[in-house]
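For Ser220, Asp346, His375, the entry in TrEMBL reads active site, charge relay system. Under the heading domain 'AB hydrolase-1', TrEMBL lists 140-380. The feature transmembrane segment is assigned by TrEMBL to 25-49.
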Amino acid sequence: RHRGAMDWQVLTRELSLYLESQVRVGLLGSGVGLSLVLGFGVAYACYYLSSIAKKPQLVASNDRFCRFLEEYCPVVTETYYPTIWCWEGRVQTLLRPFITSRPQVQYRNELIKTADGGQISLDWFDNNDSLYYPDASTRPTVLLLPGLTGTSKESYILHMIHQSKTLGYRCVVFNNRGTAGEELLTPRTYCAANTEDLEAVIHHIHSLHPSAPFTAAGVSMGGMLLLNYLGKTGRDTPLMAAAIFSAGWNVFESVESLEKPLNWLLFNYYLTTCLQSSISRHRQMLEKLFDMDLVMKARTVREFDKQFTSVMFGYPTIDDYYEDASPCRKLKSVGIPVLCLNSVDDVFSPGHAIPVETAKQNANIALVLTSYGGHIGFLEGIWPRKCTYMDRVFKQFVQAVFEHGNKIFNV
């Protein structure tokens, strides 16, 4: 049976045993309280199974791609059972960084130079002990792109590497400029629209291992950046395929959602302070071009982007930047198979902004939309310390691409 169903059976059995052994006195001892508890439990179970636990919506215009996913990545067609006590999107988003484990990963760091005189930090997990692919020259490689202020230390990145390790693959984490402890050599950081650094990283990795199968996975802003790169390059990329998780499809809709009072309190203000913290260490370099006092006064992501990001990359207005950064505008041009996982209750990427109709116009695109899961949440199981639904989608898809990818090429 599906693991979620098994978890539900375990929970029900444990609850029954607990009630039998502990509920003996007072109101519960009379049987009235016990009936109320059991009645509530049954009602909640019915609500959960009928309204919360659902199969994701698979959106793909290409029947061949659909059949490929159904056969080799079946998790996208199975019922997703969110953690029963924290299925709501905001709760899942907030809890994942604290609940999920952090697998131990030993990286090899590499700094590469860029054409403008800057440097990029890459963290390699070489997996030299791979039993399935002992030859490093042909060992499949997965490029991982973290979120807005994320690095190779994020728990979701560590879990992706752990999944890749079991399959024998090599991983490379692309840390955006200035985020992983390295110095800024020029007054430039990064944004979701500018793909120059990503292009340099992909070219560098491919040049080192030209015979190795190569794919990529991007999370949140990393997914947006990867989509914008793929929309720009079409088929002209060494990547075989890509996986995208919790991408913000329309930046205008994302910032509007994050500026709602509760979302601002829970996410927007904190994310803005994280952005400010990520550049404060480079203040001496950045003060050459920016009024850093003004940048540090920002209280929303939109204000930060208006004073800093859009100015850095030469956009006339913040609207020009947000339009260029929105992957929904480039989806039609993607030329390789791409699987995109989103939850429709993600406040960072609201469900109504997911480009379902546009995705149907490109045979290379498959959207997997869950009803719950939040932003990089997708927690499942009673105590979701380890593997999430997102991790399982990642593992099955990259394995399907590397081992059976010929069945979806040139779709």
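Note that Cβ sites are derived from N, Cα and C of the backbone, with glycine treated the same way.
Those TrEMBL annotations? Automatic predictions, nothing curated.
Most Cβ neighbours within 10 Å, among the active-site residues Ser220, Asp346, His375: Asp346 holds that distinction in the structure as shown. His375 (active site, charge relay system) sits 5 Å from Asp346 (active site, charge relay system), taking the CA atoms of both as reference points. In this structure, the CA atom of Asp346 (active site, charge relay system) is 11 Å away from the CA atom of Ser220 (active site, charge relay system). For the domain 'AB hydrolase-1' (140-380), the predicted model reports an average pLDDT of 97.
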